[in-house]
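Engineer: Sharing a structure below in structure tokens format, with a few things to ask.
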């Protein structure tokens, strides 16, 4: 088969796999729209995905002849922009400002800086190489993100936090783009997808190893609880001994505690009113 045919086939397959991966967060954002709350989700993955798509579009434009890189990353820019618009609409005001600042700094300022630097510091083929290495560094760091999940799976010996369908899709996507890069003889497309394939394979192996295991509870927590229980038991015994020695002290302490409660009751009512007012103000601000 001719090389150009292989490039086209692997490029189309890569587009299909990446298309499905881009649509993977749809259930999350459907829930955000339904509940009108971001529920603690962070915007960083979507800001990074948008930045990555913008970088690859610029790289494919400068390189020329990589139209299939432009098509899928153009779709990525559109869908990630929609995700971020939904996130900004329903996130708290403080988070909204920080997210907008992040987008302005990374997606606008970062891309403008890269465009200027690549035009000023390099010409012709050197510009492609410089931009290619920038894409490699950023994409490799994105592919290395599953390291945290891998660490959790190994520590807990459970795949509870390993989304198998998404991991499989990302691995297939990495394979297709790896073959596309090899067929196109493009080292900048090939290298990050080697990293993606490596981490994807590790996740598949871990899933096969631990898929039948139940989550293993951390043994440190019971040990800490035992220590606390022992300390409480010691304190209780000491208190009982003190009561036996001075039985009248308990009556005096009870009388003093009653007086303190009576004095603290108005303060508690006032604090409760202030708390309710603060909650109301917060709800009004969020609405």
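Even glycines carry a Cβ here, placed using N, Cα and C.
Feature annotation from TrEMBL assigns compositional bias 'Basic and acidic residues' to 238-274. Feature annotation from TrEMBL assigns region 'Disordered' to 238-287. Feature annotation from TrEMBL assigns transmembrane segment to 6-29, 41-61, 67-88, 100-118, 130-154, 161-181, 187-210.
How about a rundown of where these features are and what they're close to?
Structural biologist: Here the transmembrane segment (6-29) has long-range neighbours at 41, 46, 49, 68-69, 71-72, 75-76, 79-80, 83, 86-87, 166, 169-170, 172-173, 176-177, 179-180, 183-184, meaning same-chain residues at least 6 beyond its ends whose C-beta is under 8 angstroms from one of its own.
Distant neighbours of the transmembrane segment (130-154): 45, 48-49, 51-52, 55-56, 58-59, 62-63, 114, 117-118, 121-122, 161-162, 167, 174, 186-188, 191-193, 195-196, 199-200, 202-203, 206, 210; these residues of the same chain sit at least 6 beyond its ends, with a Cβ under 8 Å from one of its Cβ atoms.
Listed as Cβ neighbours of the transmembrane segment (161-181) (distance under 8 Å, sequence separation of 6 or more from its ends, same chain) are residues 6-7, 10-11, 13-14, 17-18, 20-21, 24, 68, 143, 146, 149, 152-153, 187-191, 193-194, 196-197, 200-201, 203-204, 206-207.
Tertiary proximity for the transmembrane segment (187-210) is limited to same-chain residues at least six positions away from its ends with a CB under 8 Å from its CB atoms, namely 59, 69, 132-133, 135-136, 139-140, 142-144, 146-147, 149-150, 153-154, 157-159, 162, 164, 167-168, 170-171, 173-175, 177-178, 180-181.
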Engineer: Do any residues, 6 or more residues outside the transmembrane segment (41-61), come within under 8 Å Cβ-to-Cβ of it, and if so which ones?
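Structural biologist: Hits for the transmembrane segment (41-61): 22, 25, 28, 32, 67, 69-70, 73-74, 76-77, 80-81, 83-84, 87-88, 91, 95, 99, 102-103, 106-107, 110-111, 114-115, 128, 131-132, 134-135, 138-139, 142, 145, 188.
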